[in-house]
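Asks: Swiss-Prot lists 9-29, 40-60, 125-145, 221-241, 258-278, 280-300, 354-374, 396-416, 425-445, 547-567, 602-622, 720-740 (among others) with the feature transmembrane segment, giving sequence analysis as the kind of evidence.
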Amino acid sequence: MEHTHQYSWIIPFIPLPVPILLGVGLLLFPTVTKNLRRMWTFLSIFLLSIVMIFSLYLSIQQIFLSYIHQNVWSWAINNEFSFEFGYFIDPLTSIMSILITTVGILVLIYSDNNMSHDQGYLRFFAYMGFFNTSMLGLVTSSNLIQVYFFWELVGMCSYLLIGFWFTRPIPANACQKAFVTNRVGDFGLLLGILGLYWITGSFEFQDLFEIVNNLILNNRVNLLFLTLCAFLLFVGPIAKSAQFPLHVWLPDAMEGPTPISALIHAATMVAAGIFLVARLLPLFIVIPSIMYIISLIGIITVLLGATLALAQKDIKRGLAYSTMSQLGYMMLALGMGSYRSALFHLITHAYSKALLFLGSGSIIHSMEAIVGYSPDKSQNMILMGGLTKHVPITKTAFLVGTLSLCGIPPLACFWSKDEILNDSLLFSPIFAIIAYSTAGLTAFYMFRIYLLTFEGHLNTYFLNYSGKKSSSFYSISLWGKEEEQKLNRNFGLVPLLTMNNTKRVSFFGKKTYKISNNVTNQTFITVENFGLNTRTFYYPHESDNTILFPMLVLLLFTLFVGTIGIPFNQEGIDFDILSKLFTPSINLLHKNSQNFVDWYEFLQNVTFSVSIALFGIFIAYCLYKPFYSSLLNLTLLNSFKKWNSKRIGWEKLINFVYNWSYNRGYIDAFFKTSLTENIRRLAKQTNFFDKQIIDGITNGLGITSFFVGEVTKYIGGSRISSYLFLYLSYVLIFLRILFYF
């Protein structure tokens, strides 16, 4: 056992040869390196698989032998200061390593096909290999200096991957936005590290926790300064894990390739912030005010992310805001002191969200064959619809991921989210109300994404898209907003069934279009003609096996990974592997908990949360299920007429929510107005002052000296008469000055 741990330090460096060799090869032997592109893919997957097996072995050992292993080497800089570096292996490290490697391997397999058409294929795999190395180095670090080093490498890799298509202005701006936003968090993290070192004199986690505890117990530390340092440490995870108010970079990060969106949102960059808070929880837990701040930031992010996801039309941006909300749940759990629940949700969410992003990538890949390689079209859910019969495997995988994120049993996220919701009841009634309400919103917006994408009929070829519905048959907009047109009070099923089948009614316009005499009529949503050839209809097709295989593996994870934390221990049933792994575990809300509940208590706890999720799904189904395929919508439409007295207030509320969501809560606009524009204005003024004033003075003195020299040289000219003239001039000037003064 000890012999095995002696080689744990090599975990971060196993994937490193691939990016190094790719970089050298592309510089020195570009043709040969590009011809061997599949070899580099296989090598990347093979090396990451070795890390996964090693991490899995360590986790199995830790389940049966609860231990923490640390190995540190010291580098003496002088007699007063020495830098220690090493590796730290505990259950958190093992779990994170497994998470990073499993998701990373599947994303690499997926990327082999998804990125095959891209000229930067090898550059992408080099970045991915370095990204995995940086994240593995972060989770195995034994001290804050190593954490900060790999923390910066993770940020650099995300910058490179978000801006992978840097020749396009939008991705270039997105990666700069992510980089600058994370610099704010990184600066706070650095200040916090330096402040803690000033207090404790150590960077090592174990020493740090012990020294801080002793200082607080003996009242030998300034609590205000310690709280400030702890908060500065927390600023880093706020930015990295896209917590309010430093979340603004996350939706723009969707401008990168879809595989990297899956990796960032599942197991790397955003998970890094949650990991660091979990690692430093023994420090935060002795400072109650910091724990409350963590939970407050978490609950704000939970609600904000959910509300911002409501009106998104880009499928990846909708999933990005979903990630933001779920990260808020994890941060809330950590702030409440529910260590196990937070990490459990980190695990289940990682696999579910990776499945959803890879599923969205498969959808986008299929849509690109029709609308072209334009994110504004291929990622727009308005142009989708009716994909069930075209991409059935992708649809099934996406549905499972959606149900999991909604918290529907027995899928993965149900088990972890329900624990967090139950803990919120014990922590604060207000926080519990927000957390439970957001669970309903999550179910609503996730099923909205699913229904807009897969139900109905393909909307790509339809004309005159205006974003509004004026048909008297359909009064719900694409995000669920009721329009102002009046409905026929006596509208029923018979007129619908007797409509002319050779015509179709636009959901957005009153004009009708004849489809074909040979094609069965179907009711469509009309959308703008983007210059496509509408005479020949092409339909999306299912993706290749190398894209589907990772999705199916993630589907299995989504189905079964929740079993590792099922809190049942009755009649010989003992599923709770996670509690064994995290023994002893920090839990401020269940200090005397036995880490299991019986069936009756479990059913009591989950009934309410599942009911809220089902209600959210029901509302989404009512508003987004295609009109012609659901009799329920007829009842809904006829009921709108009865709401005339309340429609004005209802529409104002709907418009407010829509504008809030569509404009990203006005937070981006606030930052742009108060920070970005002012900084740019200051930069322009500074540039003007530097060039016109500072450089003007310097250049002016130089030019003046030059002309004075030239004039002097001309006047002198090696002629005696000129010298006499200058001499007499100086004498006269001197006498004049002397006479007056």
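In case you wondered, yes, glycine gets a Cβ from its N, Cα and C as well.
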Asks: Between the transmembrane segment (425-445) and the transmembrane segment (547-567), are there at least three Cβ pairs closer than 8 Å, leaving out pairs fewer than 6 positions apart?
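Replies: No; fewer than 3 Cβ pairs under 8 Å.
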Asks: How about the transmembrane segment (9-29) and the transmembrane segment (354-374): do they have 3 or more C-beta pairs under 8 A, pairs 6 or more apart in sequence?
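Replies: When sequence-distant Cβ pairs are counted, the transmembrane segment (354-374) does not touch the transmembrane segment (9-29), since fewer than 3 lie under 8 Å.
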Asks: Under 8 Å between C-beta atoms and at least six residues away from its ends: which parts of the chain pack against the transmembrane segment (221-241)?
Replies: 151, 154-155, 181-182, 184-189, 191-193, 195-196, 199, 212, 215, 249, 269-274, 276-277, 280, 283-284, 287, 289-290, 293-294, 297, 327, 330-331
Asks: Against which stretches of its own chain does the transmembrane segment (258-278) lie, if we need a Cβ under 8 Å and a gap of at least six residues from its ends?
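Replies: Here the qualifying positions are 92, 96, 99-100, 102-104, 107, 110-111, 114-115, 124, 127-128, 131-132, 135, 138-139, 147, 151, 154-155, 158, 161-162, 164, 233-234, 236-243, 250, 284, 294, 316, 319-320, 323, 327, 330-331, 334, 339, 342-343, 346, 349-351, 353-354, 357-358, 360-361, 364.
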Asks: Sort out the residues at least 6 away from either end of the transmembrane segment (396-416), same chain, that have Cβ-Cβ distances under 8 Å to it, and list them.
Replies: 322, 326, 341, 344-345, 347-349, 351-353, 355-356, 358-360, 363, 439, 442-443, 446-447, 449-450, 453-454, 551-552, 554-555, 557-562, 565-566, 606, 609-610, 613-614, 616-617
Asks: Which residues of the chain, 6 or more past the ends of the transmembrane segment (280-300), have a CB below 8 A from one of its CBs?
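Replies: Counting only partners 6 or more residues beyond its ends, the transmembrane segment (280-300) has Cβ contacts under 8 Å with 205, 208-209, 212-213, 216, 223, 226-227, 230-231, 233-234, 238, 243-244, 328-337, 339, 427-428, 431, 434-435, 586, 588.
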